[in-house]
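Undergrad: Starting off with a structure, shown below.
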Amino acid sequence: MKKITLSLAMVGAFFFAHAQEVDKPSDEELAKRNWFHANFATDSIYGTASTAAYEYAESKGLKPSPVIVAVIDSGVEITHEDLKNVLWTNKDEIPGNGIDDDKNGYIDDIHGWNFIGGADGSHVNEDQLEVTRLVKKGMDMFETPDEFTNETNKKKYPKKYEEYKMMKIEVEEALAKAKATVANYEMQIEGMLNMFQAFSDEYGADKEITVNDLKAFNSSNEQVMALKNSFMMAAGTEKAGEVFGQTPAQMLADLQEQLKDDKALKYYKGQMNHHYNVDFDSRHIVGDNYEDKTEKYYGNADVDGPDSFHGSHVAGIIGAEYGNGLGIDGVARNVQIMAVRSVPDGDERDKDIANSIRYAVDNGAKILNMSFGKAYSPEKELVWDAIKYATDKGVLMVHAAGNDNKDIDVESNFPTNYRDGKEWSNSWLTVGASSRYNDKIKASFSNFGEKQVDIFGPGVEIYSTVPKNTYDWAQGTSMAAPAVAGVAALVWSYYPRLTASELRTILIESGNAHPALEGMSINAKVVDALKALKMAETYAKK
């Protein structure tokens, strides 16, 4: 291990990468933030062509009507400056009176519902992965203190036992990897902090860093000199202000603060402490009888939850308020966002997803965005029944394909629209992620499938709304799905008589083809709102 190289790499990742937000972003920065609106026909970038679609609709004198889009996710920050005016509001419910005014079974569901919260207002934030929950169940069958029971169950359920052994290996290997990664990461962090501390001790903790003083500074400590050279590289660049004019003590304090919220370390600690921990259980917070799959009246009305980054980002892509001069504009301008919280930091549970789908449908959602997925689904029939319910009600479902660069025709990503090898719903879209780089059109992480992926949408380097009235970058098929859901809402707002099945067909057939997507989806296309709107026009004339 080259400690100096690793430490300097981490310095770059943790320190210099934290640039301050500028008041007036450059034209180049604005173009990057808004690339998912680009029109391939004029910009040669595979964006959604949403702006062009609205210009076309206006030129035709088309009048839109609002479309309710449910964001089934980790939660949505309903007070966000760019989202608060585009939320669905249950007008039959009186806020905060503790009464189920509309008698739909959900008290004070003003902007949606939280299926992973307790009646006392508490929340599930972390949860296990589904494979871990299945291993725990297997342990209760095959590794009890009673050896006779173990052997009896092994003989009685040989297939389950074989599956259990494979899943147990998967969990144990993943847990060991997470523990090793955390240990290595913490060692690197300690080394980096020690390096900063050593520099501070030698240079002078409270001495302002200047170019001349830094040039004159020397040390016999190899790491201290490496850090000095790293700082010198910032001279004359936009990063200069993050070094020069600061003191080592200030820089060390800033670094320590940044490390507290490091996403990578939190991710691997989450795997270690929650995702692959067979003893972790947060379901008691909800207070439902999880084994009762017919139960649907549980949870609370707090749709924000403890960490709504993912869901807020998704909501902004779909419909962040247009033309308010803040942050971003969403793909769709005539939407109402319904927040349905059912996705924790971990794997969502089938019961919660089924209930989320039914809740959204029953309360008027026409489009469901589902930016989640998992490798195992023990109660998949429950979800399939909910999907059929939504299909029968004329609702379009938009699901993220997943981020493992896998062929989901071969390796399942649940929920899936295929049951026993056949398509289950004709109003379901599975979305892969595309990029703004034409020579790398498929996102490197995106799942694919010639049969099961319907369309691609922008999902790389996407700028959108996040908690605390701010904005940030994210990427994944989780971002591609809402881009497509936004296009669907755009088209449906002008042509509400289209069926969900017709809208699905229009979105798939009207996209922009790219040869590199051949074999990656049904027709190797990226969604295009302008083309979809024009095709919808022909449907409306039939």
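Glycine residues also receive a Cβ, built from the backbone N, Cα and C atoms like all the rest.
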Undergrad: Can you identify, from 161-195, 371-405, the stretch that TrEMBL calls coiled coil?
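TA: That would be 161-195, the stretch labelled coiled coil in TrEMBL.
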Undergrad: In whole Å, note down how far the CA of Asp73 (active site, charge relay system) lies from the CA of His310 (active site, charge relay system).
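TA: The separation of the Cα atoms works out to 7 Å.
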Undergrad: Return the residues near Ser478 (active site, charge relay system) by Cβ distance under 8 Å, restricted to its own chain and a separation of at least 6 in sequence.
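TA: Within the chain, Ser478 (active site, charge relay system) has Cβ neighbours under 8 Å at His310, His313, Val314, Ser371, Phe372, Ala400, Asn403, Gly459.
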Undergrad: Which of Asp73, His310 (the active-site residues) has the most other Cβ atoms within 10 Å?
TA: Asp73
